[in-house]
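**Q** Marked as region 'Disordered' by TrEMBL: 25-68, 106-134, 325-371. Residues annotated as coiled coil in TrEMBL: 149-309. Positions annotated as domain 'Kinesin motor' by TrEMBL: 309-662. Sequence annotations record features per position, and here TrEMBL assigns compositional bias 'Low complexity' to 326-339. Annotated ATP binding site per TrEMBL: G409, Q410, T411, G412, S413, G414, K415, T416, in sequence order.
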Amino acid sequence: MEPQQRSPLLEVKGNIELKRALAKAPSRLPLPGSRLKRGPDQMEEDLEPEKKRTRGLGTKVATSRPRATALTTVPQTQGQTAVPKVPRKTGPRCSTAVATVLKNQKPGPAVPAQKPGTTAAPPVVGRKKPSKRPAWDLKGQLCDLNAELKCCRERTQLLDQENQQLRNQLREAQQQATELGAERRTLEEELARMRAQAEQGQRELGNLSARVLELEERLGTQEGLVQELQKEQLELQEERRGLAARLEEQEGRLQASEAALSGSQAEVASLRQEAAAQAALLAKREERLHGLEMERRRLHNQLQELKGNVRVFCRVRPVLPGESTPPSGFLLFPSGPSGPSDPPTRLSLSRSDERRGTLSGAPAAPTRHDFSFDRVFPPGSGQDEVFEEISMLVQSALDGYPVCIFAYGQTGSGKTFTMEGGPGGDPQVEGLIPRALRHLFSVAQELSGQGWTYSFVASYVEIYNETVRDLLATGTRKGHGGECEIRRAGPGSEELTVTNARYVPVSCEREVEALLHLARQNRAVARTAQNERSSRSHSVFQLQISGEHAGRGLQCAAPLSLVDLAGSERLDPGLALGPGERERLRETQAINSSLSTLGLVIMALSNKESHVPYRNSKLTYLLQNSLGGSAKMLMFVNISPLEENVSESLNSLRFASKVNQCVIGTAQANRK
């Protein structure tokens, strides 16, 4: 009868318990070589107790060897080591059980079954204990101990092999437990799914039962409805007869409507033809409007050329509070040919020289100096009147012609007021710069209806002692004007640009006001003998205008330059000059040098000279494209109404008269 097969996990547990019981048996083997290093006398004394141990040890070793052999010869089932089932107990009962198992097993040379690839450990053959050695036979005792050590090592090797087999069995048992656990989980999931399906089937069965009841109720209701519908059917048949009569009537009306629709369709076709004709007429009118716009630009340019591509306006500022009133007849504004209704174009200034006298000792009569310009603005002229006179010139910049407007004059004559306006934001005292940009924005908005789109980019720099500074610089760049240089925009390009300067796109008046406010804070000013706060640099506001008509492929571009030239005053060479006065002297020399260069450039352009000295000054070099033959130039000469400034006023008027006599060639629009 075959023995009952046990689970591999139980066999592994039994083998582990048996191994633990065998491993707990204390070893009484002496440490090899521990006493060999002592002297003969000491070794003999130490061997006395060892003799007694050896007598009992030989018996134990002899009896323990067959047990170890019996452990390895347990019959196996299916290639695995079958270990007797040992109850798991602790303490001395476990040792007694192990001893009982060892007694009941038959010692023999049986070879345990092994797995492929493993080597069988040789069985341990029991040896008889050698007879007692005399105390002096140390070599024999050493041989006995070595033999016993060899037996223990063989036993240890055998236990290691058994341990490895148990580990393999444990690994297989764990793998089997893992597979069984996975199979159990799969079955549990399948069971849960089947339960869920059963519950769902129960719910569906309940729903179907409720549905059957509901349908039965509805069936009874439908039967009642059928009876009612049969009654309604009879009524509808009567109603159908009435509707058939009405249908005949509606068909007659429909025929009449179709006839009216045919007439309407003919009218729609006529209206479409009329709309097409209107569209064609509109296209012709747009073409004509474009032609008229081009003609307007041409005539506008001719009008400006007739007025002169170089024009000079003279403006006399009013007497300020606290200043002495000039004598009567000091400044006269003669009427034009048509009388007082004509705008004044002439100015007469009287000058008395106390150093001159008659033979009788009486003072000489004052000398009168007469000047004629394109327009003269008396002290009572407002900012709106001044801008109205130049608005057509600003329009030329939008048409693609370079335009440059100067404000020239002595210190304190009102140049900055003319260009930028007064403080406080009063619309009545706004200068030419904000008014010009408001006019450009308004006209550009009107031209957008004709297909034109414009963009504006503003820059504001000053030229102080022949150094270019950016007036729009902010933050860490503020005050580093030396880094700005005038360069060509690109190889072969005629356009000039200022390196490291801000070019700000603008589209409304508020943005322009912010730029002007920032420029006023950054501009170089100083106290002079003529003005408490005098501009000591040339400020140049440039607006690059670019226009495009996408429908016709037209483009135009031109700069508008509005320049507030620095004021100048003469220093008395006889006065002692301190550090501040020396600095003012250097500023005045740089200002007068650049103004002289400006006059030389205008004269060279007027005389059609081959060389124009643009590079002699940073001012003329920057404005090179706004002064040439294709540009339109206007100079405001600002003078003071005070008699004490008559010398500086005469110098300004004489310089303006020379400029007014210059004639520059016909302007050409920058179009593509």
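For all residues, glycine too, the Cβ spot is worked out from N, Cα and C.
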**Q** Starting from each candidate's C-beta and looking 10 angstroms out, tell me which of the binding-site residues T411, S413, T416 has the most other C-beta atoms.
**A** S413
**Q** What residue among the binding-site residues G409, G412, G414 has the most other CB atoms lying within 10 A of its CB?
**A** G409
**Q** Note the mean pLDDT of the domain 'Kinesin motor' (309-662), expressed as a whole number.
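**A** That stretch averages a pLDDT of 83.
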**Q** Going by DSSP assignments with H, G and I as helix and E and B as strand, what are the residue counts for the compositional bias 'Low complexity' (326-339)?
**A** 0 helix, 4 strand, 10 coil
